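K.L.:
The active site, proton acceptor annotation in Swiss-Prot covers D35. Among the features that Swiss-Prot reports, ATP binding site is placed at 9-17, R130, 134-136, 174-176. The Mg(2+) binding site annotation in Swiss-Prot covers T16, D35. Here Swiss-Prot flags D35, D36, F37, F38, W54, D55, R131, Y136, M137 as substrate binding site.
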Amino acid sequence: MKLIIGIGGVTNGGKTTLTNSLLKALPNCCVIHQDDFFKPQDQIAVGEDGFKQWDVLESLDMETMLSTVQAWVKDPHKFARAHGVSLQSGASDTHVLLLEGFLLYSYRPLVDLYSQRYFLTVPYEECKRRRRSRTYMVPDPPGLFDGHVWPMYQKYRREMEQDGVEVVYLDGMKSPEGLFHQVLEDIQNRLLNTS
């Protein structure tokens, strides 16, 4: 059995923390981080708002990300070995792929591949506070959060909802442990009910 689980949502919402916890707990589990598919900095457009457009779908090489997912679907054993994942012998017929990122549900060719889609949310003020506390390879220029990051999050979330993409909303204000146990239990139930 193969499951593809999406862990999407707002920037600094807890996606990576949740994904890393699930990765350790699930059998034969691999992860693909959307952030690994950013185009080179010199290919990122500057928008009318004056900011580099990092928070738009066009800043990502989604075709390559889709190809990577398709490689896992075709042969999860080979994919796991190539990515240094040790397969558990007792669960050899169970494979889980976690996709983690902020625009997972905006690229139509990926949307229907998910077995389950989660979407982390946090309120504006908390998101802004968390964003300020992080250090990025390309530092945020003044005004980026209010002028670009938050408006793009709102735009893509609205489009996702208008397109009818079904997600399980998760409250990113809950403790990381609480979110982990909620999602792990959900995935384990899905594995039990489909085996």
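Backbone N, Cα and C define each Cβ position, glycine as well.
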K.L.:
When DSSP states are folded down to helix, strand and coil, where does M137 (substrate binding site) land?
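P.N.:
Once the DSSP labels are grouped into three classes, M137 (substrate binding site) ends up as coil.
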K.L.:
In this structure, which of the binding-site residues W54, Y136 has the fewest other Cβ atoms within 10 Å of its Cβ?
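P.N.:
Result for the binding-site residues W54, Y136: minimum number of other Cβ atoms within 10 Å at Y136.
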K.L.:
If you draw a 10 Å sphere around the Cβ of G13 (ATP binding site), how many other Cβ atoms fall inside it, taking every protein chain shown into account?
P.N.:
25
K.L.:
Write down the Cα-Cα distance for the residue listed as 'active site, proton acceptor' and R134 (ATP binding site), rounded and given in Å.
P.N.:
15
K.L.:
Whole-number Å only: compute the distance from the Cα of Y136 (ATP binding site) to the Cα of W54 (substrate binding site).
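P.N.:
For Y136 (ATP binding site) versus W54 (substrate binding site), the Cα atoms are 12 Å apart.
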K.L.:
For R134 (ATP binding site), what is the tally of other C-beta atoms lying within 10 angstroms of its C-beta?
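P.N.:
The answer is 10 other Cβ atoms.
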K.L.:
Do any of D35, F37, W54, R131, M137 (recorded positions) have a CA within 10 A of T11 (ATP binding site), and if so which?
P.N.:
R131
K.L.:
Taking just the CA atoms, what is the gap between M137 (substrate binding site) and D35 (active site, proton acceptor) in Å?
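P.N.:
One finds 12 Å between the Cα atoms of these residues.
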K.L.:
Just name the winner among T11, T16, T17 (the binding-site residues) by count of other CB atoms within 10 A of its CB.
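P.N.:
Max Cβ neighbours within 10 Å, all protein chains included: T11.
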K.L.:
Do any residues at least six apart in sequence from G9 (ATP binding site), in the same chain, have a Cβ closer than 8 Å to its Cβ, and if so which, in order?
P.N.:
K15, F102, Y118, F119, L120, T121, L170, G172
K.L.:
How long is the line from the C-alpha of T16 (Mg(2+) binding site) to the C-alpha of D35 (active site, proton acceptor), rounded to the nearest angstrom?
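P.N.:
Checking the Cα atoms of T16 (Mg(2+) binding site) and D35 (active site, proton acceptor) gives a distance of 10 Å.
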K.L.:
Measuring Cα to Cα, tell me the gap between F37 (substrate binding site) and S175 (ATP binding site) in whole angstrom.
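P.N.:
Cα to Cα, F37 (substrate binding site) and S175 (ATP binding site) are separated by 29 Å.
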